[in-house]
């Protein structure tokens, strides 16, 4: 089995690192593509032994499972580009926040009778094999396709199937979650430094405390509130600290964060549902690089509407 | 080597669970004691195969490394009770927040010329072998004693030696830290449930996201701010969420929490430095249970002023 990544940024890099560390697939069976070779993650991918190419079509040809690891607004553009190259064997796995299975299937049905599509939401800790992933299966993908994806993603963390309409909420919670944690860790370390600890030790202790607590929770049947109670001895230091957190509406800020991320995901979904990509969303140099790839035609239905604005200047019509 | 715990509560239970899971010591070489047999953790300790007794003195006699796992205000009381039983071999490890090495040494010097004392601050995730522990070594403990403790505590998580005057700050950060995390996961799960997720899944995803992020940070040379930047794609969902957190002063709340816990720890240190325990701090039933233990004398237990108030009723327990 070969795996491909359209997109060679943070997500592709993190997944490849996790997969190869887990030994679930060999690096030489992985291809990643991007017209942009300047991304810092590109050299990382190459160092891991992945085949890197500037041609998305080449990544498609070389893969059985094809991850779409580009930003949501790029998805329609990419689908039009690789649509003609999709075969029956391909399993398309979109990781783009807010991009619905039906929007992807709708595009691909122009090229193929029964495109196998899955949608997943994962997060960057896949890079250390402690990711959180959920997925939903499209109408033409089989149960075995879901199991295959689950096998891949479970090698790098927690993975479970969900109803597609829960994925935006998952984005707000575990998709964005690591960023909430990094912010918290930075602040906890500041607190430690304020009270006299050296920075390195403060960062280390803060991260270790969060990791240990999260592991306790995952390994326990108990409610987080019960575990919190167990740490708060009467009149002790911890309950004094918790009072400050509650007074400042700590809990509410986190609820707000999950909500804000989820709502923005739904907004992105709306933008991605548009079938034409605005020329304002792509750099002309990037578009040129794509058009220069073998097999890409500026007159194909695909790029026609997107490239109308550029017709005069690109002149690389085949 | 045998290990003993004075106190059979949350901390003793968590450490015993971690040590035995790590295989660093066999359960039958562990003794835990408490006059209070009703603690829920007592059952847990027994189930793990640790030897439980109501006699602190018995624990001392059966141990080489002796953890003081009681609440800070109980420490002076316990030290007076077990002082006469400390031998040269004993390594006393106090886990009590805010209790200084010098206060412990001062008490024990009444009984022994060179008591070996180490102070440590750990946290409950030792129970899943992902604890965070720091320790400082007293004047009579050797480097090897520190290494021995580091070996024990290193089997259940991160462990490093620090200057004693940093321990209160560590209490505020990683001592109390798990509580901040439990609060955060509860709130994150509420957020997930608000947006439509089932509770179990929301708790699972929230805890997994925190665990994964913490692991990334521990394994990375990068600054947490850099890791945060890497997750926040332009115009994306995450940066929108981060904005609402910053607007609410999220970071400041956590700095406040670490500070509050550290300050309270220093207050507790002041209370623990008192040499006599106020009778208001101990239940009479608990005191009676201690006095009933073989070898315990009312005079030997550091409740002098308190006991005066009780003299008439406890006279039957005085031993000659």
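Placed from the backbone N, Cα and C atoms, the Cβ positions cover glycine too.
These figures come from a predicted structure and were not determined experimentally.
TrEMBL names A:6, A:7, A:8, A:9, A:10, A:11, A:69, A:70, A:71, A:72, A:95, A:96, A:97 as NADP(+) ligands; from the candidate set A:34, A:43, A:139, the record adds A:34 to that same site. With the fewest other Cβ atoms inside 10 Å of its Cβ, the least crowded of the binding-site residues A:10, A:34, A:56 in this structure is A:10.
In the domain 'Pyrroline-5-carboxylate reductase catalytic N-terminal' (A:3-98), helix, strand and coil residues by DSSP number 44 helix, 19 strand, 33 coil. Checking the binding-site residues A:10, A:56, A:70 against chain B with a Cβ-Cβ cut-off under 8 Å leaves A:10, in sequence order. For the binding site of NADP(+), formed by A:6, A:7, A:8, A:9, A:10, A:11, A:34, A:69, A:70, A:71, A:72, A:95, A:96, A:97 according to the record, the largest Cα to Cα distance is 19 Å, rounded to a whole number. Counting only same-chain residues six or more apart in sequence, the Cβ atoms lying under 8 angstroms from the Cβ of residue A:6 (NADP(+) binding site) belong to A:33, A:34, A:56, A:59, A:60, A:66, A:67, A:68, A:69, A:70, A:78, A:82.
Within the set of binding-site residues (A:8, A:70), the lowest number of other Cβ atoms found within 10 Å of a Cβ is recorded at A:70.
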